[in-house]
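Participant: One structure follows; several queries about it will come next.
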């Protein structure tokens, strides 16, 4: 089974630098196969380079898709992550 | 400036330092491996690559653990890049076509770096990290030592294409006189490292690719230049500056003053109470800007009055009898706080930020002022409070009223918006003092986002348009008899600090590391001379001309 969700990114640096690293770690920790897409480009969410190459900025809409057991739970975790601001100072 | 210096190599200077010494070049990245069919099987190549990546990630992890802190975080990110599934897929595809491991790794990483570079800005500069990872894996495949910092056995000026985090993390600072990079901008790792450790550096010097091992150079960060094969005279001049700077660092910690004895209190910009000790050690006469954001950034909601009181008390106790200016919470474009403003804004720099956000969430402001008043009761520091990003007289009146109601007797405003600079006289009739935030004042005067690299050229506090606004505020301070401070980065630039004082600024607040240089520069000029230098700068047409005019006038005055 697979599930899909569209989320607006809340981090003020988007998914660059530290937030990108944290997102990839979070995606890896869910244990599910996750992809993240912006526009028509879709990448493996476990790939920091893939995620950085999307050039996601604050306020962008991204679509996350998860497959495998616990897909919904994985998307719950990642949706919360994406909506939160992870930047300090 | 001499003719020889004008023909020097140009880049972007980081800091104020100058250094003289022989060049040692970082070995250039290895030649790209040729596209030739592998003599091994696909499985064998695949195994070699896996082992090389494992060796490199182990090495980077160890370096990270040795370095700790911010460097470790950057190196951990490099480890993630080395293990990245997207690149590994690309490597596998090339190996399946019968390519060598060296070629596959080099090509796959280079393509990914190109993608990042095309995105520009921050991501573009991360491409250097990726090239470094690839060079390390290729070296491991070839059985070569990892590429890195040379060790000529004597102090040297390190010249590199750009420094990767793995290099900077373990740099032996006793041997490195200065850093010069061919690529890289003011946000590169080299620049960040140089600022953090106070190393003399000039970045983005395209012509530095011509430098060879052993070349004698003068690295002049203050003038953003590299002088190759300097004349005896130039060497002597640089050596004198190195010495003057060392003397300034070692000079007695006198209170800030001009040559004629006019006092110009030198204060510290601080972000946490823990940083107070270092500021006191470096001779700060008080605090000119205490940022309170650290208390709020990690929380979903505002911290309690009691938690805030403890932090403020710790700060005030470090400065008995001294002035401490605390800025009310400054949530803004670069540091949004969900409990103050969670609305999506098209232009957050022009949105509900600074005092505007506090006045729509009065309880946050009232709690903060209560906590400050309580801390004031039990300590002997002279506590001043100020409001961030004030743009009108009404805002000034409201903030001053709140502060006085809470028993805080000295309430001022930050001048960061041109409107409050132009209305400074009316504002200072209500406010007890003004403090100019030059970074934001420059951003709003030049209409150039200070976080945006593509318009960074406009973000220059030497711009005469910015200096004229500072002059307005200085004049208003003189007329009303109220103090006018500067707490932006401009105050940390020694010559610009003299200009600011010449424009009527009465105190300067800066990162503690900059205090010694500014203290020494102020002592060179009288009040009248500072005014003459300021007049020359304000009359210029461009930021570069303002700097030149100030330098020229300063040189003429000191040679008289």
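Cβ coordinates are placed from backbone N, Cα and C, and glycine is handled just like the others.
Pulled these from TrEMBL:
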ACT_SITE  B:487  active site, proton donor
BINDING   B:291, B:327, B:439, B:440, B:450  phosphoenolpyruvate binding site
DOMAIN    B:10-126  domain 'Phosphotransferase system enzyme I N-terminal'
DOMAIN    B:156-222  domain 'PEP-utilising enzyme mobile'
DOMAIN    B:257-523  domain 'PEP-utilising enzyme C-terminal'
REGION    B:1-37  region 'Disordered'
Participant: Can you give the largest Cα to Cα distance in Å, as a whole number, for the residues B:291, B:327, B:439, B:440, B:450 that bind phosphoenolpyruvate in the record?
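Facilitator: The phosphoenolpyruvate-binding residues span at most 20 Å between Cα atoms.
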Participant: Tell me whether residue B:327 (phosphoenolpyruvate binding site) sits in a helix, a strand or coil according to DSSP.
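Facilitator: Where residue B:327 (phosphoenolpyruvate binding site) sits, the three-state DSSP reduction gives strand.
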Participant: Within its own chain, what residues at least 6 apart in sequence put their Cβ under 8 Å from the Cβ of residue B:327 (phosphoenolpyruvate binding site), listed in sequence order?
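Facilitator: Spatial neighbours, sequence-distant, of residue B:327 (phosphoenolpyruvate binding site): B:289, B:290, B:291, B:292, B:385, B:386, B:387, B:388, B:414.
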Participant: Compute the average pLDDT of the predicted model within the domain 'Phosphotransferase system enzyme I N-terminal' (B:10-126).
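Facilitator: That region's mean pLDDT is 86.
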Participant: Looking only at the domain 'Phosphotransferase system enzyme I N-terminal' (B:10-126), what are its DSSP counts of helix, strand and coil residues?
Facilitator: 77 helix, 14 strand, 26 coil
Participant: With every protein chain in view, how many other Cβ atoms are within 10 Å of the Cβ of residue B:487 (active site, proton donor)?
Facilitator: 27
Participant: Quick check: in three-state DSSP terms, what is residue B:291 (phosphoenolpyruvate binding site)?
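Facilitator: Once the DSSP labels are grouped into three classes, residue B:291 (phosphoenolpyruvate binding site) ends up as strand.
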Participant: Counting Cβ neighbours within 10 Å across all chains shown, tell me which of the binding-site residues B:291, B:439, B:440, B:450 comes out on top.
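Facilitator: Compared across B:291, B:439, B:440, B:450, the most Cβ atoms within 10 Å surround B:440.
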Participant: Rounded to an integer, what is the Cα-Cα distance in Å between residue B:439 (phosphoenolpyruvate binding site) and residue B:487 (active site, proton donor)?
Facilitator: 9
Participant: Hey, how far is residue B:440 (phosphoenolpyruvate binding site) from residue B:487 (active site, proton donor), Cα to Cα, in Å?
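Facilitator: Between the alpha carbons of residue B:440 (phosphoenolpyruvate binding site) and residue B:487 (active site, proton donor) there are 11 Å.
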Participant: Rounded to the nearest Å, what's the C-alpha distance separating residue B:450 (phosphoenolpyruvate binding site) and residue B:487 (active site, proton donor)? Just drop the number here, would you?
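Facilitator: The separation of the Cα atoms works out to 16 Å.
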